[in-house]
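As written in Swiss-Prot, here are the features:
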ACT_SITE  LYS11  active site
BINDING   PRO94, MET95, GLY96, GLY97, GLY98, ILE99, GLY100, GLY101, GLY102, SER103, SER104  ATP binding site
ACT_SITE  ASP136  active site
Amino acid sequence: MHRLTLPAPAKLNLWLHIIGRRPDGYHELETVFQFLDHGDELTFALREDGAIRLHTEIEAVPHDSNLIVRAARRLQEQSGTGLGADIWLTKVLPMGGGIGGGSSDAATTLLALAHLWQLDWDEDRLAALGLTLGADVPVFVRGHAAFAQGVGEQLTPVDPAEPWYVVLVPQVSVSTVEIFSHPQLTRDSLPLKMRPVPEGNSRNDCQPVVEQSYPEVRNALNSLGKFTEARLTGTGSCVFGAFPSKAEADKVLALLSATQTGFVAKGSNVSMLHRKLQSLVKKSSA
C-alpha cells in the first residue's frame, strides 16, 4: 500500500474537573472523552526520499511547527525508517475549539504512517510517542471513549451513552494557556471515588472562566441552553448539547442557524478512525 486516506475525528469532554495543580505547573484533571463521527481528513502517500511534506490551505501554523509534521518526524526519528510521506489535510475542525483538531490530526498521522511504513509498533508504543506531542493525543491513538486522569493521559475505557449532539462553533479561538493560568479558575474539585464514572453532578470547571472572558461563547451557551443542557468542551470555544435523535438535533441547529454556526454529529465510543483501520485490516487479511 502506497496511499492511505483516514479521518481525524473530533472529541468532546463530556465533563472536566480540575482537582489540583502539580509542582511543574500542569493541572491534574479528571474528564471523560467521547468521539464524534465528524472531523478532518488526511491523505498520506509514501515517499522513498524520506521527506515529510504537508499540503494544506491552512496557513495559521508554520509548516515545521505543525503538529502533523512534528508527529511524522518524531515517528520517523524514533523508528529509524528512511521513508517519508506527502500528507494532504482537509481541515474541518476549528483551531482553539476544544474538540481536539490538532491532537486528532497528530494521532491519525502516527497510526497512518505506522501502517504505511510497515512499522512493527503496537498501540502502547504509539500512544507513548503521542504523549510527547500533547496530552490529548493518546486518547485518539487508543480510539476508545475514556475516563482520563493526570494531565489527561491516564486512560480507562468507558462506554457512555451515544446520543446525537449539536455542537456550536463560536468564531473565536480560546487560549488554553490563558484559561489554565486564570486566577479565578477552579482548581480544587474533589476527585471522583465512584466507579463507574457518574454522569450526574458533573461540569466543566473551565466554563465559568471562558464565559467571562469570551462573550461569544457565553452567547452560544445561552442559545443552546434554551433547548437542552449546554456545556463547554475542553478549554476551547465549542459548546455542545445532547439529543435523542438526529432529527431533533437537526431541528435545533436549524432554529439557531440565524445567529450561530455549528454542526450535528453522532457520539461514538469507538472512533471512526479506528473503525476505518479495522476495516482495512480485515480487507488485507481476506
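Each residue, glycine too, has its Cβ placed from N, Cα and C.
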Given a separation of at least six residues and a C-beta threshold under 8 Å, show me what packs close to SER104 (ATP binding site) in the same chain.
ALA8, PRO9, ALA10, LYS11, GLY39, ASP40, LEU93, PHE140, LEU273
Minimum Cβ neighbour count within 10 Å among the binding-site residues GLY96, GLY98: which residue?
GLY96
Under 8 Å by Cβ from GLY102 (ATP binding site), same chain, sequence gap 6 or more
LEU67, MET95, GLY134
DSSP output for GLY98 (ATP binding site) maps to coil
If the ATP site is taken as the center of the Cβ atoms of PRO94, MET95, GLY96, GLY97, GLY98, ILE99, GLY100, GLY101, GLY102, SER103, SER104, which further residues of that chain fall within 8 Å of it by their Cβ?
ALA10, LEU93, GLY234, GLY236
